[in-house]
(Lines of atoms letter the chains of each structure in order from A and count residues from 1; the text may use other names and numbers.)
(Lines give C-alpha, C1' and ligand atoms only; values in the text may rest on other atoms or scores of the structure.)
Protein backbone atom coordinates (compact mmCIF):
# COMPACT_ATOMS: atom_id res chain seq x y z
CA UNK A 1 0.00 0.00 0.00
CA UNK A 2 2.79 2.35 0.93
CA UNK A 3 4.61 1.60 -2.27
CA UNK A 4 1.53 2.27 -4.27
CA UNK A 5 1.11 5.59 -2.51
CA UNK A 6 4.61 6.83 -3.16
CA UNK A 7 4.42 5.86 -6.78
CA UNK A 8 1.12 7.71 -7.13
CA UNK A 9 2.57 10.82 -5.55
CA UNK A 10 5.52 10.80 -7.92
CA UNK A 11 2.96 10.78 -10.67
CA UNK A 12 1.27 13.82 -9.22
CA UNK A 13 4.58 15.62 -8.93
CA UNK A 14 5.90 15.09 -12.43
CA UNK A 15 4.16 17.26 -15.00
CA UNK A 16 5.05 14.78 -17.72
CA UNK A 17 3.21 11.98 -15.90
CA UNK A 18 0.43 13.78 -14.07
CA UNK A 19 -1.27 14.38 -17.41
CA UNK A 20 -2.34 10.74 -17.58
CA UNK A 21 -3.97 10.92 -14.17
CA UNK A 22 -5.80 14.09 -15.19
CA UNK A 23 -7.10 12.43 -18.33
CA UNK A 24 -7.83 9.00 -16.89
CA UNK A 25 -11.41 9.51 -15.67
CA UNK A 26 -12.63 11.15 -18.86
CA UNK A 27 -10.84 8.79 -21.21
CA UNK A 28 -12.12 5.73 -19.34
CA UNK A 29 -15.71 6.96 -19.34
CA UNK A 30 -15.57 7.86 -23.04
CA UNK A 31 -13.95 4.53 -23.84
CA UNK A 32 -16.43 2.38 -21.93
CA UNK A 33 -19.61 4.32 -22.62
CA UNK A 34 -19.08 5.75 -26.11
CA UNK A 35 -16.37 3.99 -28.09
CA UNK A 36 -16.98 0.42 -27.00
CA UNK A 37 -20.77 0.77 -27.45
CA UNK A 38 -20.14 2.25 -30.90
CA UNK A 39 -18.09 -0.80 -31.86
CA UNK A 40 -20.85 -2.84 -30.25
CA UNK A 41 -23.40 -1.32 -32.60
CA UNK A 42 -21.50 -2.53 -35.65
CA UNK A 43 -20.88 -5.92 -34.06
CA UNK A 44 -24.52 -6.42 -33.06
CA UNK A 45 -25.60 -5.59 -36.59
CA UNK A 46 -24.44 -9.02 -37.64
CA UNK A 47 -26.46 -10.90 -35.05
CA UNK A 48 -29.99 -11.86 -34.44
CA UNK A 49 -30.33 -10.87 -30.80
CA UNK A 50 -33.25 -9.93 -28.59
CA UNK A 51 -33.46 -8.06 -25.31
CA UNK A 52 -33.51 -11.28 -23.27
CA UNK A 53 -30.41 -12.64 -25.05
CA UNK A 54 -32.12 -15.88 -25.98
CA UNK A 55 -31.54 -17.55 -29.37
CA UNK A 56 -28.64 -15.31 -30.32
CA UNK A 57 -27.35 -16.28 -33.76
CA UNK A 58 -24.81 -14.90 -36.18
CA UNK A 59 -26.60 -13.85 -39.36
CA UNK A 60 -23.95 -11.97 -41.35
CA UNK A 61 -25.33 -9.25 -43.57
CA UNK A 62 -28.93 -10.43 -43.24
CA UNK A 63 -29.94 -7.53 -41.02
CA UNK A 64 -28.63 -4.98 -43.51
CA UNK A 65 -30.43 -6.67 -46.38
CA UNK A 66 -33.55 -6.57 -44.26
CA UNK A 67 -33.16 -2.82 -43.62
CA UNK A 68 -33.31 -2.08 -47.33
CA UNK A 69 -36.22 -4.43 -47.94
CA UNK A 70 -38.15 -3.17 -44.92
CA UNK A 71 -40.40 -0.47 -46.29
CA UNK A 72 -40.90 1.07 -42.85
CA UNK A 73 -37.14 1.36 -42.33
CA UNK A 74 -36.53 2.98 -45.71
CA UNK A 75 -39.40 5.37 -45.17
CA UNK A 76 -38.14 6.28 -41.68
CA UNK A 77 -34.82 7.24 -43.24
CA UNK A 78 -36.60 9.29 -45.91
CA UNK A 79 -38.70 11.02 -43.24
CA UNK A 80 -35.52 11.83 -41.33
CA UNK A 81 -33.98 13.42 -44.42
CA UNK A 82 -37.24 15.27 -45.14
CA UNK A 83 -37.30 16.68 -41.61
CA UNK A 84 -33.65 17.70 -41.89
CA UNK A 85 -34.26 19.48 -45.19
CA UNK A 86 -37.23 21.35 -43.73
CA UNK A 87 -35.77 22.18 -40.33
CA UNK A 88 -32.15 23.14 -40.99
CA UNK A 89 -32.63 25.88 -43.63
CA UNK A 90 -35.59 27.33 -41.72
CA UNK A 91 -33.70 27.46 -38.45
CA UNK A 92 -30.60 29.01 -40.04
CA UNK A 93 -32.63 31.68 -41.85
CA UNK A 94 -34.74 32.56 -38.81
CA UNK A 95 -31.69 32.51 -36.52
CA UNK A 96 -29.67 34.69 -38.88
CA UNK A 97 -32.56 37.12 -39.39
CA UNK A 98 -32.94 37.74 -35.67
CA UNK A 99 -29.20 37.83 -35.07
CA UNK A 100 -28.98 40.69 -37.58
CA UNK A 101 -32.12 42.48 -36.38
CA UNK A 102 -31.10 42.30 -32.73
CA UNK A 103 -27.38 42.91 -33.09
CA UNK A 104 -27.50 46.46 -31.68
CA UNK A 105 -27.22 46.49 -27.90
CA UNK A 106 -30.35 48.41 -27.02
CA UNK A 107 -32.41 47.56 -24.00
CA UNK A 108 -35.35 46.37 -26.07
CA UNK A 109 -33.08 44.15 -28.17
CA UNK A 110 -31.59 42.58 -25.08
CA UNK A 111 -35.08 41.90 -23.78
CA UNK A 112 -36.05 40.26 -27.08
CA UNK A 113 -32.91 38.12 -27.06
CA UNK A 114 -33.55 36.77 -23.60
CA UNK A 115 -37.20 36.08 -24.43
CA UNK A 116 -36.31 34.28 -27.65
CA UNK A 117 -33.95 32.10 -25.65
CA UNK A 118 -36.66 30.85 -23.28
CA UNK A 119 -37.86 28.00 -25.56
CA UNK A 120 -34.25 26.80 -25.75
CA UNK A 121 -34.10 26.06 -22.04
CA UNK A 122 -37.36 24.08 -22.04
CA UNK A 123 -37.43 20.39 -22.86
CA UNK A 124 -38.71 19.29 -26.25
CA UNK A 125 -41.10 17.10 -24.30
CA UNK A 126 -42.84 20.05 -22.68
CA UNK A 127 -42.80 22.06 -25.92
CA UNK A 128 -44.35 19.13 -27.76
CA UNK A 129 -47.03 18.80 -25.07
CA UNK A 130 -47.86 22.51 -25.31
CA UNK A 131 -48.05 22.46 -29.11
CA UNK A 132 -50.10 19.31 -29.36
CA UNK A 133 -52.74 21.03 -27.23
CA UNK A 134 -52.48 24.45 -28.90
CA UNK A 135 -52.76 22.85 -32.34
CA UNK A 136 -55.45 20.32 -31.44
CA UNK A 137 -58.17 20.79 -34.07
CA UNK A 138 -60.93 20.28 -31.50
CA UNK A 139 -59.83 22.48 -28.63
CA UNK A 140 -56.73 24.35 -29.79
CA UNK A 141 -56.49 28.12 -29.92
CA UNK A 142 -54.54 28.28 -33.17
CA UNK A 143 -56.98 26.25 -35.31
CA UNK A 144 -59.76 28.40 -33.85
CA UNK A 145 -58.06 31.64 -34.85
CA UNK A 146 -57.49 30.26 -38.34
CA UNK A 147 -61.13 29.24 -38.64
CA UNK A 148 -62.23 32.72 -37.54
CA UNK A 149 -60.07 34.13 -40.33
CA UNK A 150 -62.15 32.03 -42.71
CA UNK A 151 -59.60 29.33 -43.34
CA UNK A 152 -60.38 25.61 -43.19
CA UNK A 153 -59.12 24.15 -39.91
CA UNK A 154 -55.86 22.30 -40.53
CA UNK A 155 -55.41 19.02 -38.69
CA UNK A 156 -51.69 19.75 -38.06
CA UNK A 157 -50.21 16.70 -36.28
CA UNK A 158 -53.08 14.51 -37.49
CA UNK A 159 -52.80 15.36 -41.19
CA UNK A 160 -50.38 12.96 -42.93
CA UNK A 161 -48.98 15.63 -45.24
CA UNK A 162 -48.96 18.46 -42.71
CA UNK A 163 -47.63 16.52 -39.69
CA UNK A 164 -43.92 16.63 -40.54
CA UNK A 165 -43.84 20.33 -41.50
CA UNK A 166 -45.65 21.03 -38.20
CA UNK A 167 -43.02 19.06 -36.27
CA UNK A 168 -40.30 20.97 -38.12
CA UNK A 169 -41.97 24.32 -37.41
CA UNK A 170 -42.23 23.47 -33.72
CA UNK A 171 -38.55 22.50 -33.64
CA UNK A 172 -37.50 25.78 -35.26
CA UNK A 173 -39.66 27.70 -32.80
CA UNK A 174 -37.93 25.92 -29.94
CA UNK A 175 -34.34 26.02 -31.17
CA UNK A 176 -33.76 29.13 -33.28
CA UNK A 177 -32.51 30.91 -30.16
CA UNK A 178 -29.37 28.77 -30.24
CA UNK A 179 -28.50 29.72 -33.82
CA UNK A 180 -29.38 33.35 -33.08
CA UNK A 181 -27.07 33.45 -30.05
CA UNK A 182 -24.09 31.89 -31.84
CA UNK A 183 -24.46 34.16 -34.89
CA UNK A 184 -25.02 37.21 -32.71
CA UNK A 185 -21.76 36.63 -30.87
CA UNK A 186 -20.06 36.30 -34.21
CA UNK A 187 -21.66 39.48 -35.63
CA UNK A 188 -20.73 41.48 -32.56
CA UNK A 189 -17.14 40.38 -33.00
CA UNK A 190 -16.92 42.15 -36.38
CA UNK A 191 -14.81 45.28 -36.18
CA UNK A 192 -17.01 48.44 -36.39
CA UNK A 193 -14.39 50.13 -38.56
CA UNK A 194 -15.43 47.87 -41.46
CA UNK A 195 -18.95 49.29 -41.34
CA UNK A 196 -17.69 52.83 -40.88
CA UNK A 197 -15.56 52.75 -44.00
CA UNK A 198 -18.38 51.06 -45.93
CA UNK A 199 -20.74 53.82 -44.89
CA UNK A 200 -18.24 56.43 -46.06
CA UNK A 201 -18.24 54.72 -49.43
CA UNK A 202 -22.02 55.03 -49.41
CA UNK A 203 -22.86 51.32 -49.10
CA UNK A 204 -26.50 50.57 -48.33
CA UNK A 205 -27.53 48.43 -45.36
CA UNK A 206 -28.22 45.55 -47.75
CA UNK A 207 -24.80 45.85 -49.35
CA UNK A 208 -23.21 46.01 -45.93
CA UNK A 209 -24.95 42.79 -44.95
CA UNK A 210 -23.88 40.87 -48.05
CA UNK A 211 -20.37 42.30 -48.33
CA UNK A 212 -19.32 42.61 -44.70
CA UNK A 213 -21.55 40.74 -42.24
CA UNK A 214 -22.11 37.55 -44.23
CA UNK A 215 -18.47 36.88 -45.24
CA UNK A 216 -17.29 37.63 -41.71
CA UNK A 217 -19.65 35.14 -40.08
CA UNK A 218 -19.17 32.30 -42.57
CA UNK A 219 -17.24 30.13 -40.06
CA UNK A 220 -19.98 30.41 -37.41
CA UNK A 221 -22.67 29.98 -40.02
CA UNK A 222 -20.92 26.82 -41.18
CA UNK A 223 -20.78 25.55 -37.61
CA UNK A 224 -24.51 26.20 -37.14
CA UNK A 225 -25.43 24.45 -40.38
CA UNK A 226 -23.26 21.46 -39.55
CA UNK A 227 -24.49 20.98 -35.97
CA UNK A 228 -28.05 21.52 -37.15
CA UNK A 229 -27.77 18.91 -39.88
CA UNK A 230 -26.32 16.37 -37.46
CA UNK A 231 -28.89 17.25 -34.78
CA UNK A 232 -31.84 17.02 -37.16
CA UNK A 233 -30.80 13.56 -38.30
CA UNK A 234 -31.29 12.45 -34.69
CA UNK A 235 -34.80 13.85 -34.32
CA UNK A 236 -36.76 11.85 -31.76
CA UNK A 237 -38.24 13.66 -28.73
CA UNK A 238 -40.69 15.93 -30.54
CA UNK A 239 -41.93 13.10 -32.74
CA UNK A 240 -42.21 10.64 -29.85
CA UNK A 241 -44.31 13.05 -27.78
CA UNK A 242 -46.35 14.95 -30.38
CA UNK A 243 -47.20 12.26 -32.93
CA UNK A 244 -45.72 8.96 -31.80
CA UNK A 245 -44.59 8.53 -35.40
CA UNK A 246 -48.10 8.86 -36.82
CA UNK A 247 -50.34 9.57 -38.60
CA UNK A 248 -49.89 6.49 -40.79
CA UNK A 249 -46.19 6.40 -39.80
CA UNK A 250 -45.76 9.64 -41.74
CA UNK A 251 -43.58 11.22 -39.05
CA UNK A 252 -41.74 8.07 -38.06
CA UNK A 253 -38.06 8.99 -38.14
CA UNK A 254 -35.04 6.71 -38.04
CA UNK A 255 -34.43 7.07 -34.29
CA UNK A 256 -38.12 6.65 -33.56
CA UNK A 257 -38.10 3.42 -35.59
CA UNK A 258 -34.88 2.19 -33.96
CA UNK A 259 -36.46 2.86 -30.58
CA UNK A 260 -39.70 1.07 -31.34
CA UNK A 261 -37.88 -1.89 -32.92
CA UNK A 262 -35.35 -2.31 -30.11
CA UNK A 263 -37.25 -1.30 -27.00
CA UNK A 264 -40.71 -2.65 -27.59
CA UNK A 265 -41.89 -6.06 -28.74
CA UNK A 266 -40.32 -8.04 -30.38
CA UNK A 267 -37.17 -6.33 -28.94
CA UNK A 268 -34.92 -7.01 -31.91
CA UNK A 269 -31.68 -5.43 -30.72
CA UNK A 270 -29.62 -6.86 -33.58
CA UNK A 271 -31.89 -5.53 -36.28
CA UNK A 272 -32.24 -2.17 -34.51
CA UNK A 273 -28.42 -1.99 -34.34
CA UNK A 274 -28.07 -2.44 -38.07
CA UNK A 275 -30.55 0.42 -38.50
CA UNK A 276 -28.32 2.46 -36.17
CA UNK A 277 -25.29 1.58 -38.28
CA UNK A 278 -27.05 2.74 -41.43
CA UNK A 279 -28.08 5.97 -39.70
CA UNK A 280 -24.51 6.53 -38.53
CA UNK A 281 -23.16 6.15 -42.05
CA UNK A 282 -25.81 8.54 -43.33
CA UNK A 283 -25.00 11.14 -40.65
CA UNK A 284 -21.28 10.79 -41.33
CA UNK A 285 -21.74 11.20 -45.10
CA UNK A 286 -23.88 14.32 -44.63
CA UNK A 287 -21.54 15.80 -42.02
CA UNK A 288 -18.42 15.21 -44.12
CA UNK A 289 -20.04 16.51 -47.32
CA UNK A 290 -21.30 19.64 -45.55
CA UNK A 291 -17.93 20.17 -43.91
CA UNK A 292 -15.97 19.85 -47.16
CA UNK A 293 -18.40 22.15 -48.95
CA UNK A 294 -18.21 24.78 -46.24
CA UNK A 295 -14.44 24.72 -45.91
CA UNK A 296 -14.29 25.36 -49.65
CA UNK A 297 -16.82 28.21 -49.35
CA UNK A 298 -14.83 29.67 -46.49
CA UNK A 299 -11.68 29.67 -48.55
CA UNK A 300 -13.48 31.29 -51.48
CA UNK A 301 -14.76 34.06 -49.22
CA UNK A 302 -11.24 34.85 -48.15
CA UNK B 1 -40.57 42.65 -33.24
CA UNK B 2 -43.30 43.08 -30.65
CA UNK B 3 -45.55 40.73 -32.62
CA UNK B 4 -42.80 38.12 -32.65
CA UNK B 5 -42.30 38.56 -28.91
CA UNK B 6 -45.98 37.71 -28.50
CA UNK B 7 -45.66 34.67 -30.79
CA UNK B 8 -42.77 33.36 -28.72
CA UNK B 9 -44.29 34.12 -25.34
CA UNK B 10 -47.91 33.19 -26.10
CA UNK B 11 -47.62 29.39 -25.77
CA UNK B 12 -46.04 29.75 -22.34
CA UNK B 13 -48.53 32.33 -21.10
CA UNK B 14 -51.38 30.22 -22.45
CA UNK B 15 -49.97 27.11 -20.74
CA UNK B 16 -49.66 28.78 -17.36
CA UNK B 17 -53.15 30.33 -17.53
CA UNK B 18 -54.74 27.10 -18.78
CA UNK B 19 -53.10 25.05 -16.06
CA UNK B 20 -55.29 26.93 -13.59
CA UNK B 21 -58.51 26.35 -15.55
CA UNK B 22 -61.24 23.81 -14.90
CA UNK B 23 -61.24 20.88 -17.31
CA UNK B 24 -64.47 22.09 -18.98
CA UNK B 25 -62.90 25.48 -19.73
CA UNK B 26 -59.82 23.84 -21.21
CA UNK B 27 -61.81 21.74 -23.65
CA UNK B 28 -64.41 24.39 -24.50
CA UNK B 29 -64.71 25.35 -28.15
CA UNK B 30 -64.33 28.14 -29.17
CA UNK B 31 -61.34 28.28 -26.83
CA UNK B 32 -60.99 31.23 -24.52
CA UNK B 33 -57.69 32.49 -23.27
CA UNK B 34 -59.16 33.61 -19.96
CA UNK B 35 -61.74 31.67 -17.99
CA UNK B 36 -64.33 32.95 -15.53
CA UNK B 37 -63.03 30.90 -12.65
CA UNK B 38 -59.60 29.55 -11.75
CA UNK B 39 -58.55 26.65 -9.59
CA UNK B 40 -55.53 24.91 -8.10
CA UNK B 41 -57.24 21.58 -8.72
CA UNK B 42 -54.88 20.53 -11.55
CA UNK B 43 -51.84 21.17 -9.42
CA UNK B 44 -53.28 19.09 -6.61
CA UNK B 45 -54.52 16.34 -8.91
CA UNK B 46 -51.24 15.89 -10.79
CA UNK B 47 -49.47 14.63 -7.64
CA UNK B 48 -51.99 11.82 -7.23
CA UNK B 49 -52.21 10.85 -10.92
CA UNK B 50 -48.47 10.52 -11.55
CA UNK B 51 -45.54 9.95 -9.16
CA UNK B 52 -44.37 13.52 -9.78
CA UNK B 53 -42.35 13.70 -6.58
CA UNK B 54 -40.32 10.67 -7.70
CA UNK B 55 -39.80 12.23 -11.13
CA UNK B 56 -38.55 15.46 -9.57
CA UNK B 57 -36.27 13.60 -7.17
CA UNK B 58 -34.85 11.45 -9.98
CA UNK B 59 -34.31 14.44 -12.26
CA UNK B 60 -32.53 16.38 -9.52
CA UNK B 61 -30.27 13.45 -8.56
CA UNK B 62 -29.53 12.57 -12.19
CA UNK B 63 -28.85 16.14 -13.36
CA UNK B 64 -27.06 17.11 -10.15
CA UNK B 65 -24.83 14.03 -10.22
CA UNK B 66 -24.01 14.53 -13.89
CA UNK B 67 -23.26 18.24 -13.46
CA UNK B 68 -20.93 17.77 -10.47
CA UNK B 69 -18.94 14.84 -11.83
CA UNK B 70 -18.81 16.03 -15.40
CA UNK B 71 -17.68 19.57 -14.65
CA UNK B 72 -14.89 18.22 -12.43
CA UNK B 73 -13.66 15.52 -14.82
CA UNK B 74 -13.96 17.80 -17.85
CA UNK B 75 -11.89 20.44 -16.07
CA UNK B 76 -9.22 17.87 -15.21
CA UNK B 77 -8.98 16.63 -18.79
CA UNK B 78 -9.27 20.10 -20.31
CA UNK B 79 -6.49 21.30 -18.04
CA UNK B 80 -4.21 18.43 -19.04
CA UNK B 81 -4.82 19.10 -22.74
CA UNK B 82 -4.23 22.81 -22.34
CA UNK B 83 -1.21 22.97 -20.07
CA UNK B 84 0.64 19.69 -19.81
CA UNK B 85 3.01 17.93 -22.09
CA UNK B 86 3.10 14.18 -22.12
CA UNK B 87 3.55 11.37 -24.58
CA UNK B 88 0.51 10.52 -26.66
CA UNK B 89 -1.31 13.76 -25.89
CA UNK B 90 -2.39 14.32 -29.47
CA UNK B 91 -3.60 10.73 -29.76
CA UNK B 92 -5.83 11.21 -26.71
CA UNK B 93 -6.95 14.54 -28.10
CA UNK B 94 -8.10 13.00 -31.38
CA UNK B 95 -9.77 10.25 -29.40
CA UNK B 96 -11.86 12.82 -27.53
CA UNK B 97 -12.56 14.72 -30.73
CA UNK B 98 -13.84 11.51 -32.31
CA UNK B 99 -16.28 10.82 -29.49
CA UNK B 100 -17.76 14.28 -29.95
CA UNK B 101 -18.89 13.34 -33.46
CA UNK B 102 -20.76 10.20 -32.46
CA UNK B 103 -24.47 10.72 -31.85
CA UNK B 104 -25.87 8.97 -28.79
CA UNK B 105 -28.68 7.51 -30.88
CA UNK B 106 -26.16 5.42 -32.78
CA UNK B 107 -24.71 3.56 -29.80
CA UNK B 108 -27.68 3.54 -27.43
CA UNK B 109 -28.47 -0.16 -27.88
CA UNK B 110 -25.04 -1.52 -26.85
CA UNK B 111 -24.95 1.06 -24.05
CA UNK B 112 -28.25 -0.29 -22.81
CA UNK B 113 -26.87 -3.86 -22.95
CA UNK B 114 -23.68 -2.78 -21.14
CA UNK B 115 -25.56 -1.02 -18.33
CA UNK B 116 -27.91 -3.98 -18.10
CA UNK B 117 -25.04 -6.50 -17.84
CA UNK B 118 -23.38 -4.35 -15.16
CA UNK B 119 -26.62 -4.60 -13.20
CA UNK B 120 -27.00 -0.83 -13.27
CA UNK B 121 -30.22 -0.63 -15.24
CA UNK B 122 -32.82 1.46 -13.41
CA UNK B 123 -30.28 2.86 -10.92
CA UNK B 124 -28.86 6.34 -10.40
CA UNK B 125 -25.33 5.02 -10.99
CA UNK B 126 -26.40 3.62 -14.35
CA UNK B 127 -27.84 6.98 -15.34
CA UNK B 128 -24.95 9.10 -14.11
CA UNK B 129 -21.77 7.12 -14.86
CA UNK B 130 -21.97 7.16 -18.70
CA UNK B 131 -22.51 10.93 -18.57
CA UNK B 132 -19.67 11.68 -16.15
CA UNK B 133 -17.68 13.40 -18.87
CA UNK B 134 -18.36 14.97 -22.22
CA UNK B 135 -16.09 15.82 -25.11
CA UNK B 136 -17.79 19.20 -25.41
CA UNK B 137 -17.02 20.01 -21.76
CA UNK B 138 -13.38 18.98 -22.16
CA UNK B 139 -13.04 21.29 -25.17
CA UNK B 140 -14.76 24.14 -23.41
CA UNK B 141 -12.52 23.89 -20.34
CA UNK B 142 -9.47 23.44 -22.51
CA UNK B 143 -10.17 26.62 -24.47
CA UNK B 144 -10.34 28.50 -21.17
CA UNK B 145 -7.18 27.00 -19.63
CA UNK B 146 -5.03 27.82 -22.68
CA UNK B 147 -5.65 31.52 -22.06
CA UNK B 148 -4.00 31.54 -18.60
CA UNK B 149 -0.41 32.82 -18.28
CA UNK B 150 2.39 30.29 -17.87
CA UNK B 151 3.98 32.12 -14.89
CA UNK B 152 1.05 31.10 -12.75
CA UNK B 153 1.93 27.44 -12.46
CA UNK B 154 5.66 28.05 -12.45
CA UNK B 155 5.34 30.25 -9.36
CA UNK B 156 3.19 27.57 -7.72
CA UNK B 157 5.70 24.87 -8.61
CA UNK B 158 8.46 26.90 -6.99
CA UNK B 159 6.29 27.07 -3.89
CA UNK B 160 6.36 23.28 -3.83
CA UNK B 161 2.79 22.49 -4.87
CA UNK B 162 2.28 19.27 -6.80
CA UNK B 163 0.43 19.24 -10.11
CA UNK B 164 -2.91 18.28 -8.65
CA UNK B 165 -2.75 21.00 -6.01
CA UNK B 166 -1.78 23.61 -8.60
CA UNK B 167 -4.90 22.62 -10.50
CA UNK B 168 -7.16 22.50 -7.47
CA UNK B 169 -5.98 25.58 -5.61
CA UNK B 170 -4.93 27.93 -8.37
CA UNK B 171 -6.44 27.01 -11.71
CA UNK B 172 -9.88 25.84 -10.66
CA UNK B 173 -10.79 29.00 -8.72
CA UNK B 174 -9.80 31.06 -11.76
CA UNK B 175 -12.04 29.05 -14.04
CA UNK B 176 -15.25 29.58 -12.07
CA UNK B 177 -17.15 31.51 -14.79
CA UNK B 178 -16.35 28.93 -17.46
CA UNK B 179 -17.19 26.11 -15.07
CA UNK B 180 -20.53 27.77 -14.33
CA UNK B 181 -21.34 28.05 -18.04
CA UNK B 182 -20.49 24.41 -18.52
CA UNK B 183 -22.50 23.45 -15.44
CA UNK B 184 -25.56 25.30 -16.78
CA UNK B 185 -25.14 23.72 -20.21
CA UNK B 186 -24.86 20.25 -18.69
CA UNK B 187 -27.76 20.88 -16.32
CA UNK B 188 -30.00 22.05 -19.16
CA UNK B 189 -29.18 19.01 -21.27
CA UNK B 190 -29.65 16.40 -18.59
CA UNK B 191 -32.75 18.03 -17.14
CA UNK B 192 -34.40 18.03 -20.56
CA UNK B 193 -33.10 14.74 -21.91
CA UNK B 194 -35.80 12.30 -22.94
CA UNK B 195 -34.37 9.37 -24.89
CA UNK B 196 -31.44 8.61 -22.57
CA UNK B 197 -33.38 8.22 -19.31
CA UNK B 198 -36.21 6.56 -21.23
CA UNK B 199 -33.88 3.76 -22.29
CA UNK B 200 -31.91 3.36 -19.07
CA UNK B 201 -34.89 3.28 -16.72
CA UNK B 202 -37.75 0.86 -16.80
CA UNK B 203 -39.75 1.28 -13.59
CA UNK B 204 -41.99 4.30 -13.21
CA UNK B 205 -40.30 5.00 -9.86
CA UNK B 206 -37.00 5.76 -11.63
CA UNK B 207 -38.29 7.97 -14.43
CA UNK B 208 -37.19 11.56 -14.91
CA UNK B 209 -39.57 14.45 -15.62
CA UNK B 210 -39.43 14.40 -19.45
CA UNK B 211 -39.67 10.60 -19.62
CA UNK B 212 -42.47 10.47 -17.05
CA UNK B 213 -44.46 13.26 -18.67
CA UNK B 214 -44.01 11.85 -22.17
CA UNK B 215 -45.30 8.44 -21.11
CA UNK B 216 -48.14 9.96 -19.10
CA UNK B 217 -49.30 12.12 -22.01
CA UNK B 218 -49.16 9.14 -24.31
CA UNK B 219 -51.47 7.13 -22.08
CA UNK B 220 -53.85 9.80 -20.80
CA UNK B 221 -54.34 12.46 -23.40
CA UNK B 222 -57.75 13.24 -21.87
CA UNK B 223 -56.35 14.65 -18.61
CA UNK B 224 -55.40 18.01 -20.07
CA UNK B 225 -55.34 19.91 -16.78
CA UNK B 226 -52.94 17.72 -14.79
CA UNK B 227 -50.68 17.29 -17.84
CA UNK B 228 -50.41 21.08 -18.12
CA UNK B 229 -49.73 21.47 -14.42
CA UNK B 230 -47.05 18.78 -14.63
CA UNK B 231 -45.48 20.51 -17.63
CA UNK B 232 -45.35 23.83 -15.79
CA UNK B 233 -43.75 22.17 -12.76
CA UNK B 234 -41.14 20.42 -14.93
CA UNK B 235 -40.11 23.67 -16.64
CA UNK B 236 -40.14 25.92 -13.58
CA UNK B 237 -36.73 25.11 -12.01
CA UNK B 238 -34.75 25.86 -15.17
CA UNK B 239 -36.79 29.01 -15.84
CA UNK B 240 -36.04 30.29 -12.35
CA UNK B 241 -32.33 29.54 -12.74
CA UNK B 242 -32.47 31.26 -16.14
CA UNK B 243 -33.83 34.42 -14.55
CA UNK B 244 -30.81 34.63 -12.25
CA UNK B 245 -28.07 33.20 -14.43
CA UNK B 246 -29.03 34.33 -17.94
CA UNK B 247 -25.47 35.33 -18.72
CA UNK B 248 -24.17 31.80 -18.21
CA UNK B 249 -26.90 30.22 -20.33
CA UNK B 250 -26.13 32.51 -23.24
CA UNK B 251 -22.40 32.14 -22.74
CA UNK B 252 -22.55 28.36 -22.83
CA UNK B 253 -24.37 28.51 -26.17
CA UNK B 254 -22.10 31.18 -27.59
CA UNK B 255 -19.07 29.11 -26.59
CA UNK B 256 -20.37 26.03 -28.36
CA UNK B 257 -20.06 28.02 -31.58
CA UNK B 258 -16.53 29.09 -30.91
CA UNK B 259 -13.93 27.93 -33.36
CA UNK B 260 -10.29 27.66 -32.51
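Cβ atoms here come from the backbone N, Cα and C positions, even for glycine.
Curation plays no part in TrEMBL annotations; they are all automatic predictions.
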Legend entry - Range annotated as transmembrane segment - as stated in TrEMBL, picked from A:81-102, A:235-256: A:81-102
Inset, instruction - Could you give the residue numbers and ranges of same-chain residues that sit at least 6 residues beyond the transmembrane segment (A:81-102) on either side and whose C-beta is under 8 angstroms from one of its C-beta atoms? - result: 109, 112-113, 116, 164-165, 167-169, 171-172, 175-184, 186-187, 209, 213, 221, 224-225, 228-229, 232-233, 235, 253, 286
Legend entry - Residues of the parent chain within Cβ reach of the transmembrane segment (A:20-47), under 8 Å, 6 or more residues beyond its termini: 11-12, 56-61, 63-64, 269-270, 273-274, 276-277, 280
